[in-house]
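Here's what TrEMBL has on this protein:
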type     : residues : note
TRANSMEM : 14-32    : transmembrane segment
TRANSMEM : 44-65    : transmembrane segment
TRANSMEM : 77-100   : transmembrane segment
TRANSMEM : 120-137  : transmembrane segment
TRANSMEM : 158-190  : transmembrane segment
TRANSMEM : 241-260  : transmembrane segment
TRANSMEM : 301-324  : transmembrane segment
TRANSMEM : 344-362  : transmembrane segment
TRANSMEM : 369-390  : transmembrane segment
TRANSMEM : 396-418  : transmembrane segment
């Protein structure tokens, strides 16, 4: 079975995307020990708060109409969805910018228990636009099975980001340097992606950019903003919840340790998740549209990801504090304690990728949204109660344990949906 999987077109496409991601993650990994010796945990904590807020908005800045670009059957409909995505992204960034100008920055800073955050909040709209451009561009590239520009995007973004952040750290620009470097890197890489994957199709994209066509596309794919966007917003809020609560109870240093933990533990996730998510979504949706069986592909992908994750995360789960202290310096050993628990969570996140594709392909976003709501409520209650009574390690342990349980239930549910649907067609 493994030999058939490794020779499949699906895995070759994932491999092409993963090459660029792997190179980018290698650069990030090499840059991290340098940055942790130039900047203190408090600076990274403030940067983590900014990033969590910007990505919370940016990941849903198109109201997830970008997913419809891959799912649309006709090229004209996909082009209209592209235009719709770009319009919504710039509109949301502008609205948030007006909110900040009218005094909303102080409100956000107070809610996140960090007055220093006010100085970097004006950067958020630019970060949101850069994320929205990437999401729309990558989905268009995936639709046309153009994977080289996406690999180049991942590499160029990481290279520019690491270089600029190290330079700004040496110049002692603090959190402003980290933020500016991240935004510049995102725009540069998004420009590379759009030029190579989107620009060749500019004629049909311009044809699809009309209010009438975009309105038709918005109505036809209305389930995406109705269910997928809120669900993804809730997922993003769930992932970023510890930043806000840990900062309120334990201060910026703990947020900085947690930021490094997530940054490091997500390296293997980022190595393959974006690549396989895009390719697998296209693969499963194509099989379903052609009334072919999708369960075998989803099951193989889940088992393969479980094996990959087990190999990657086991050392950190066993020896987290020693590994982090050696690589990043003794000041960051506490982050290694967090990594032991985060590793278990990241393993289930990796295995859940095929389940995510199944929920979206079969139109079960509402069910997935219900799961996310229940998980968010449990996580919020656990973080607040444990943070109030115990230390940060216990808080993170409780939070990640809930993530593991819910992710496992979602995986089993999604695979059951695919299997039952295959039986109806057989």
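Cβ coordinates come from backbone N, Cα and C, glycine included.
If you look at the transmembrane segment (369-390), the same-chain residues 6 or more away from its ends with a CB under 8 A from one of its CBs are 227, 230-231, 234-235, 237-238, 241-242, 245-246, 249-250, 398-399, 402-403, 406, 409-410, 413. Stretch with the largest number of CB pairs closer than 8 A to the transmembrane segment (44-65), among 77-100, 241-260, 396-418: 241-260. Residues 238, 241-242, 246, 258, 294-295, 298-299, 302, 338, 341-342, 344-345, 347-349, 351-352, 354-356, 358-359, 362, 364, 367-368, 371, 374-375, 378-379, 382-383, 386 of the same chain sit 6 or more residues outside the transmembrane segment (396-418) yet have a Cβ under 8 Å from a Cβ within it.
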